[in-house]
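What TrEMBL says about this one:
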- 245, 291: heme binding site (BINDING)
- 48-240: disulfide bond (DISULFID)
- 158-163: disulfide bond (DISULFID)
- 197-209: disulfide bond (DISULFID)
- 359-401: disulfide bond (DISULFID)
- 196: N-linked glycosylation site (CARBOHYD)
- 96-148: repeat 'Hemopexin' (REPEAT)
- 149-190: repeat 'Hemopexin' (REPEAT)
- 194-240: repeat 'Hemopexin' (REPEAT)
- 257-302: repeat 'Hemopexin' (REPEAT)
- 350-396: repeat 'Hemopexin' (REPEAT)
- 1-19: signal peptide (SIGNAL)
Ligand SMILES: *[C@@H]1O[C@H](CO)[C@@H](O)[C@H](O)[C@H]1NC(C)=O
Ligand SMILES: *[C@@H]1O[C@H](CO)[C@@H](O)[C@H](O)[C@H]1NC(C)=O
């Protein structure tokens, strides 16, 4: 186990030193946020009801936090917690109940500011590291960011390469201030074409202005908006099960940044990706791309929220919790009599599992569960785990195997390996691909 933690911390250090936050939200949210319990009683806000956020910012682990009043949310799914459970001074010093803006400093001029989270409240700025307020803070904004006004609306960091120099963009009304973190030069630009942003986020090297429950993607240097915006944030940055009726499910499901639950191709060559209550199917005419449908249309015994799906011997296996459903693939899918059965009885492993796949005609099932991958011989009776290998990723959402190798899905990204063996042996992260852009053919 020790070496695994060591590998993990190297991985963490590595990913933090890169411009791209390579640890995704979901993964970390599951490790940090969802289990946090607040001792206070408070009226829980539901972000699926359409919230105008005060601020959105990643923390030092790349987990995206959403802030509204005294509430905050960790990652793209899960319930609200109280702001003061993590950032208590924000409340104590001001009793104001909301922040104006926040951002994470990943590319500071002063290395000691690396990965600090800056919160802006009225005319003050608070700097946090690992949820602790830095000594000397809060300070006047004018001292730390000279030339930047008080009562801001939003802030987002923009590294060199995406901006001309390492910068922070501050938003107030329709005025945008580019603050060069090294020279401290400030350039004000009136971007009146952009809605007034109440929060701003950099996500997968793209820049998003949030206004109302909508967002608009913009270019961080020119402010230009390309594509049809605004879009509803609940479709792309949140997992809102009841939301989306009447909107274009295909567009939403293809372009969502929320993690996939499962992905597979069946023996007839049909490819499916599962997320929440929907699945995406790659059209037989590939150029027509992916289309979304409710899962219950095709697998009526399954409402949604599957854990893993794989195909074997003309059957499609759907794993949900401690149960496995086996469907005969034909023109449609028919549940085989006697199913669902318990995962333990059918495959000799306990749930919940994260992902499962079979490569081609091999009879070996690979099951990913936490930080391990298990091999199960599907020809054996009874079936059971015959091999276990530790994995490099802390959390895998889905995985599939095809003629070109194994694809491993983690948050909004996927990673490609030539074989299951190379995947389990790998101790470095290969080049990440973006699911929405490179797999599902979305343009953002
Ligand atoms: C945006 O902010 C400007 C001030 O910079 C203000 O005049 C304008 O009314 C605001 N627009 C909206 C739609 O609130
Ligand atoms: C959100 O965008 C839609 C159009 O896509 C627009 O009709 C609506 O007024 C916007 N709402 C807010 C609160 O910005």
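Note that Cβ sites are derived from N, Cα and C of the backbone, with glycine treated the same way.
A map of TrEMBL features onto the structure.
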| residue | record | DSSP class |
| --- | --- | --- |
| 48 | disulfide bond | helix |
| 158 | disulfide bond | strand |
| 163 | disulfide bond | strand |
| 196 | N-linked glycosylation site | coil |
| 209 | disulfide bond | strand |
| 240 | disulfide bond | coil |
| 291 | heme binding site | strand |
| 359 | disulfide bond | coil |
| 401 | disulfide bond | strand |
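Closest in space to residue 48 (disulfide bond), of the disulfide-bonded residues given as 163, 197, 359, 401, is 197, taking the CA atom of each residue.
Within 10 Å of the C-beta of residue 209 (disulfide bond) we count 28 further C-beta atoms, all protein chains included.
In the repeat 'Hemopexin' (96-148), the DSSP tally of helix, strand and coil residues is 7 helix, 21 strand, 25 coil. Other Cβ atoms within 10 Å of the Cβ of residue 359 (disulfide bond) number 16 in total over all chains. DSSP labels the residues of the repeat 'Hemopexin' (350-396) in these numbers: 0 helix, 22 strand, 25 coil. In terms of local Cβ density within 10 Å, 197 ranks first among the disulfide-bonded residues 48, 163, 197, 401. Sequence-distant contacts (6 or more apart, same chain, Cβ under 8 Å) of residue 196 (N-linked glycosylation site) comprise 153, 171, 173, 174, 211. Contacts of residue 240 (disulfide bond) defined by a Cβ separation under 8 A and a same-chain sequence distance of 6+ are given as 47, 48, 234, in order along the sequence. Across the structure, residue 359 (disulfide bond) and residue 291 (heme binding site) place their CA atoms 24 angstrom apart. Secondary structure of the repeat 'Hemopexin' (257-302) per DSSP, as helix, strand and coil residue counts: 7 helix, 19 strand, 20 coil.
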